[in-house]
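Taken from TrEMBL, the feature domain 'EngA-type G' applies to 4-167, 176-351. Annotation comment: TrEMBL describes 10-17, 57-61, 119-122 as GTP 1 binding site. The GTP 2 binding site annotation in TrEMBL covers 182-189, 229-233, 294-297.
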Amino acid sequence: MRKSVVAIVGRPNVGKSTIFNRLVGERISIVEDIPGVTRDRIYAQAEWLNHTFNLIDTGGIEIGDEPLLLKMRHQAEIAIDEADVIIFLLNGKEGITAADEEVTKLLFKSNKPVVLGINKIDNPEMRDTIYEYYSLGFGEPFPISGSHGLGLGDMLDQVVSYFPQKEMAEENEDTIYFSLIGRPNVGKSSLVNALLNEERVIVSDIEGTTRDAIDTNLTVDSQDFVIIDTAGMRKRGKVYETTEKYSVLRALKAIERSDVVLVLIDAETGIIEQDKKIAGYAHQAGRAIVIVVNKWDTIESDEKAMKKFEDKVRAHFQYLDYAPIVFLSAMTKKRLHTLIPVIKIASESHAKRIQTNVLNDVIMDAIAMNPTPTVKGKRLKVLYATQVAVKPPSFAVFVNDPELMHFSYNRFLENKIRDAFGFIGTPIKIFARRRQ
Ligand code: GDP
Ligand code: GDP
């Protein structure tokens, strides 16, 4: 199910990131335990009352060295493209400036719901100054103080009142939702177009929702698929679309709704830091992953070349050792037919359930083969295991003392589970739990 997206726009220094951090708290969606993934504070989950939504700080998307008015225009365009509701933040100490008026014009034309936050109203006496902001034409201005945490509740009440009453239609259980992520120019749009033009692929309809996202429905051999968010790949040419932060933002949005994420790599230019970062997001989100090496036509292609490139991918993406690799060319369509079956396998793995008795046979055999470790004279005892979730498959292993279950033994059990049940293309999670 798609969560509503809220974007904050406003001039530099009006307090966008202060408000963002307050609303998001510490629940930033990105953690740092994967090399190359830095903490990125532009897109994160926030909560208000019984609503969970995603929040964008458009100020964090540096577009380059542009004059202020142009910068503001691009930020407003990003908010309009990506968000369902826009918080337009102004500095209550400074009044309305020319840049604010520029933003106002764009937001007005977009017809998106806009909530006015007048920041830096740190004490009640200052509230009298907010009436001038009615002149912007967005209705009631909300006096707030990001640094003191004042007035945010009233503003958020207004924001969530614009969320759709009924969340978007429940997604169909049997349909496989997938997205393509990768840095600009790896061939995402080329690959989508190539897929849609395949002979066996039936594109049932291109379903424009009332909002910005466009899903493409397709059927291959009676399996339904949805490609998420190709809108951003189709309509293009905007300045900000080539910035790294913006592609990360789009990737995060698409990953969230996917069962399977295709991580695209460019065979011609090879793997760069940005690829690793993007792949890290998908891994952390717990989605099934297929690595697609595109532009394979540019490589002198034989078995050896493939093996060599595969070794390179494995070395760079060690934490994605479960992800199958598909080599293809979106341009010549060579090996294109190999992709859909792999997406299917990854999706099945992602949703697979293992019966408790079968699982325990495997775990007990594993323990018999490689006895549990002893720490400070105390031996880990594994009592039983059970699968507690799918997407990704997650297992609780009940033990005498979870402290004794070290990373390496966890890894050993994971490998045994993979040997027995496959789980190709999906991360799996194993938690040690103290037996109650
Ligand atoms: P951004 O550039 O819009 O993201 O603005 P920041 O969040 O970085 O804030 C800019 C400056 O304004 C910082 O020095 C903040 O501490 C300050 N600031 C943010 N919110 C408030 C507020 O409510 N009152 C006051 N007095 N200062 C604030
Ligand atoms: P996106 O930014 O990830 O959507 O990338 P595009 O689909 O726009 O492709 C970027 C460039 O790479 C375009 O010039 C494509 O023609 C080219 N391209 C895409 N796929 C292939 C491929 O398989 N082989 C070659 N040689 N070029 C490709």
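Here, residue 1 is simply the first one shown, and the rest follow in order.
In case you wondered, yes, glycine gets a Cβ from its N, Cα and C as well.
Features as recorded by TrEMBL, highlighted on the structure.
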residue: GLY10; record: GTP 1 binding site; DSSP class: coil
residue: LYS16; record: GTP 1 binding site; DSSP class: helix
residue: THR58; record: GTP 1 binding site; DSSP class: helix
residue: ILE121; record: GTP 1 binding site; DSSP class: coil
residue: GLY182; record: GTP 2 binding site; DSSP class: coil
residue: LYS188; record: GTP 2 binding site; DSSP class: helix
residue: TRP296; record: GTP 2 binding site; DSSP class: helix
- line: Taking only the CA atoms, the spacing between LYS188 (GTP 2 binding site) and ASN13 (GTP 1 binding site), expressed in whole angstrom, is 36
Query: Closest to ILE121 (GTP 1 binding site): which of the binding-site residues GLY182, ASN185, TRP296, going by Cα position?
result: GLY182
- line: Densest Cβ environment (other Cβ within 10 Å) across the binding-site residues GLY10, GLY182 belongs to GLY10
Query: How far is it from ASN185 (GTP 2 binding site) to THR58 (GTP 1 binding site), counting Cα to Cα, in Å?
result: 23
Surrounding CB atoms that lie within 10 Å of the CB of THR58 (GTP 1 binding site), all protein chains: 30
Query: If you draw a 10 Å sphere on the Cβ of ASN185 (GTP 2 binding site), how many other Cβ atoms land inside?
result: 14
- prompt: If you count the other Cβ atoms within 10 Å of each Cβ, which of the binding-site residues ILE61, ILE121 comes out on top?
  reply: ILE121
Message: Measuring Cα to Cα, how many Å separate ILE61 (GTP 1 binding site) from GLY182 (GTP 2 binding site)?
response: 17
